[in-house]
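*Asks:* Sending over a structure as structure tokens; questions will come in a sec.
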Amino acid sequence: MRPPQCLLHTPSLASPLLLLLLWLLGGGVGAEGREDAELLVTVRGGRLRGIRLKTPGGPVSAFLGIPFAEPPMGPRRFLPPEPKQPWSGVVDATTFQSVCYQYVDTLYPGFEGTEMWNPNRELSEDCLYLNVWTPYPRPTSPTPVLVWIYGGGFYSGASSLDVYDGRFLVQAERTVLVSMNYRVGAFGFLALPGSREAPGNVGLLDQRLALQWVQENVAAFGGDPTSVTLFGESAGAASVGMHLLSPPSRGLFHRAVLQSGAPNGPWATVGMGEARRRATQLAHLVGCPPGGTGGNDTELVACLRTRPAQVLVNHEWHVLPQESVFRFSFVPVVDGDFLSDTPEALINAGDFHGLQVLVGVVKDEGSYFLVYGAPGFSKDNESLISRAEFLAGVRVGVPQVSDLAAEAVVLHYTDWLHPEDPARLREALSDVVGDHNVVCPVAQLAGRLAAQGARVYAYVFEHRASTLSWPLWMGVPHGYEIEFIFGIPLDPSRNYTAEEKIFAQRLMRYWANFARTGDPNEPRDPKAPQWPPYTAGAQQYVSLDLRPLEVRRGLRAQACAFWNRFLPKLLSATDTLDEAERQWKAEFHRWSSYMVHWKNQFDHYSKQDRCSDL
């Protein structure tokens with residue numbers, strides 16, 4: 001045994017290979033194995049090696065970039081996902097994998113407010129990976145699981161974004177957190193209903209497959225598959241709602257959190273006819289032949305599969321039927337399968353007894369979208385708009401309604417004591433877009449779920465982060481509660497205030513309490529301010545900001561009565577009038593044609609009579 005000891009003291013012979021050999025012979029496996037045991041996990045597909053991450057409160061284990069589906073590339077483009085086949089060896093799960101192909105926002109290059117939502121990994125169609133964060137050391141008893149679905153209008157988003165870093169929430173609350181990538185844009189939601197080659201909703205099916213993976217594998221990470229809470233924001237929240245409404249998904253989770261989005265939002269779904277129109281329009285734009293209702297669909301999809309991914313992305317926005325804000329090209333389709341009916345119909349007909357749901361919005365849901373196309377708006381000025389710009393903004397903020405309906409919106413949102421005031425018009429258009437697309441669909445969903453047996457909690461998030469880069473006039477924009485839910489202020493490299501760190505800890509506790517019990521309140525402190533359930537009658541919700549909980553009633557009740565009650569009746573009445581007018585005009589046209597024909601016949605007959613008399 002002398003030679004190895006001598007060699008160990010001979011620097012010239014201490015090559016990396018030799019040191020590795022000596023480490024193996026000297027018991028390094030046992031010593032390192034005790035540390036690595038937390039980072040080695042076996043799931044149904046094979047073995048994974050994770051990474052230990054630091055937080056101010058201690059370490060967590062992270063398993064990043066776990067494959068859960070076969071790459072949806074080539075002939076698999078537009079098709080439902082296929083589970084990942086088992087692998088040999090150990091998959092390196094120490095870093096995030098590629099982001100699904102998508103549109104990249106270049107409106108404000110280098111601006112933190114937009115760059116934070118842009119992909120932070122390379123784009124690829126090989127993107128169906130998920131991530132798991134778990135306490136270090138791993139829980140010895142089953143731990144509640146939170147599963148995150150990102151937003152992004154169904155056209156963008158990635159689970160690898162810094163704002164979705166799960167380490168702080170997991171360390172603070174000792175939960176297990178899972179997030180997944182899913183296909184977006186045409187790759188996830190292009191639909192030719194009735195076609196097996198592009199059935200639509202495959203992005204939702206990606207999410208469902210990840211939920212099935214959680215049921216099969218999360219116990220290996222210390223998670224409890226019988227206590228899974230699905231949570232998401234914006235399009236992620238709409239996705240959560242669609243899983244609530246789709247029976248094959250419903251059994252894969254047990255509680256739901258919908259942040260700033262709902263499946264009944266006017267932007268969240270399209271019908272089969274519009275889905276087909278958009279798909280064939282995209283095909284036309286990229287030089288593929290039009291499809292029909294039969295075999296031509298196969299040819300159209302085959303052609304679309306030959307087009308480079310970036311080419312499809314470049315043309316996606318051109319399929320929208322008109323200029324608009326808060327409308328997206330490829331979204332879930334009411335296909336009779338994943339969604340057996342419209343979300344509104346499914347919500348109204350559903351049985352939600354025993355369901356536990358947390359829903360909410362931020363203070364200024366509409367402001368973010370105005371700088372993406374509303375007349376007169378920009379992040380670089382105060383956006384003090386004119387009356388004419390407000391009127392034009394209503395038409396892009398509420399597309400596809402009649403002139404009478406648009407006039408009703410203008411009437412409701414105008415401050416008639418100051419109808420020309422630019423600041424009031426700016427705030428009014430922000431409210432139009434936010435109420436129409438987020439606040440009132442969420443309020444409608446909360447009321448219906450509560451009326452049908454669900455236990456619902458509701459909030460309005462009202463704190464503007466001290467680090468926010470968007471201008472002050474935008475208030476608390478869409479998406480800017482997320483950093484607090486994930487505990488990002490606890491990152492010592494960031495410049496949040498001490499009060500914001502405490503606030504983030506409060507919010508993480510509310511979300512974790514809900515994941516554990518279905519109730520966000522602190523069970524160990526009955527003297528703490530209580531968050532009451534939201535009921536269809538009382539409509540109680542809480543304000544979330546740096547102050548203690550404040551209970552309020554009626555989530556923008558007047559505005560939502562307009563959107564959820566009055567406007568649908570107006571649209572229905574005008575649709576009836578329009579149909580009556582169409583029928584009257586058609587009958588008048590037929591009568592006029594008949595009279596012209598009768599007159600011609602009569603004239604011909606009269607001439608014949610006169611000739612016979614001669």
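Cβ coordinates come from backbone N, Cα and C, glycine included.
Annotation comment: Swiss-Prot describes Ser234 as active site, acyl-ester intermediate. The feature active site, charge relay system is assigned by Swiss-Prot to Glu365, His478. The huperzine A binding site annotation in Swiss-Prot covers Trp117, Tyr164, Tyr368. Look at Swiss-Prot and you will find Gly153, Ser234, Trp470, His478 tagged as huprine W binding site. Among the features that Swiss-Prot reports, disulfide bond is placed at Cys100-Cys127, Cys288-Cys303, Cys440-Cys560. Summarising the annotation, Swiss-Prot assigns signal peptide to 1-31.
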*Asks:* Sort Trp117 (huperzine A binding site) into helix, strand or coil using the DSSP assignment.
*Replies:* coil
*Asks:* Whole-number Å only: compute the distance from the Cα of Trp117 (huperzine A binding site) to the Cα of Ser234 (active site, acyl-ester intermediate).
*Replies:* 13
*Asks:* If you count, for each of the disulfide-bonded residues Cys288, Cys303, the other Cβ atoms lying within 10 Å of its Cβ, which residue has the minimum?
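*Replies:* The disulfide-bonded residues Cys288, Cys303 were compared, and Cys303 has the fewest Cβ atoms within 10 Å.
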*Asks:* Radius 10 Å, atoms counted are CB only; among the recorded positions Cys127, Glu365, Tyr368, which position scores highest?
*Replies:* Glu365
*Asks:* In DSSP terms, helix, strand or coil for Trp470 (huprine W binding site)?
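*Replies:* In the DSSP reduction, Trp470 (huprine W binding site) maps to coil.
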*Asks:* So among Cys100, Tyr164, Ser234, Glu365, His478, all listed as recorded positions, which is physically nearest to Trp470 (huprine W binding site)? Use the C-alpha atoms.
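*Replies:* That would be His478, the closest of Cys100, Tyr164, Ser234, Glu365, His478 to Trp470 (huprine W binding site).
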*Asks:* Near Tyr368 (huperzine A binding site) in space, meaning Cα within 10 angstroms, which of the recorded positions do we find among Cys100, Gly153, His478?
*Replies:* His478
*Asks:* Considering all pairs of residues in Gly153, Ser234, Trp470, His478, annotated in the record as contacting huprine W, what is the maximal C-alpha distance expressed in whole angstrom?
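*Replies:* Looking at Gly153, Ser234, Trp470, His478 as a set, their Cα atoms extend up to 20 Å apart.
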*Asks:* Neighbour count, 10 Å Cβ-Cβ cut-off, for Trp117 (huperzine A binding site): what number do you get?
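*Replies:* Its Cβ shell of radius 10 Å holds 18 other Cβ atoms.
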*Asks:* Reported as an integer number of Å, what is the Cα distance between the residue listed as 'active site, acyl-ester intermediate' and His478 (active site, charge relay system)?
*Replies:* 8
*Asks:* Taking only C-alpha atoms and a 10 A limit, tell me which of Gly153, Cys288, Glu365 are near His478 (active site, charge relay system). These are the recorded positions.
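*Replies:* Hits: Glu365.
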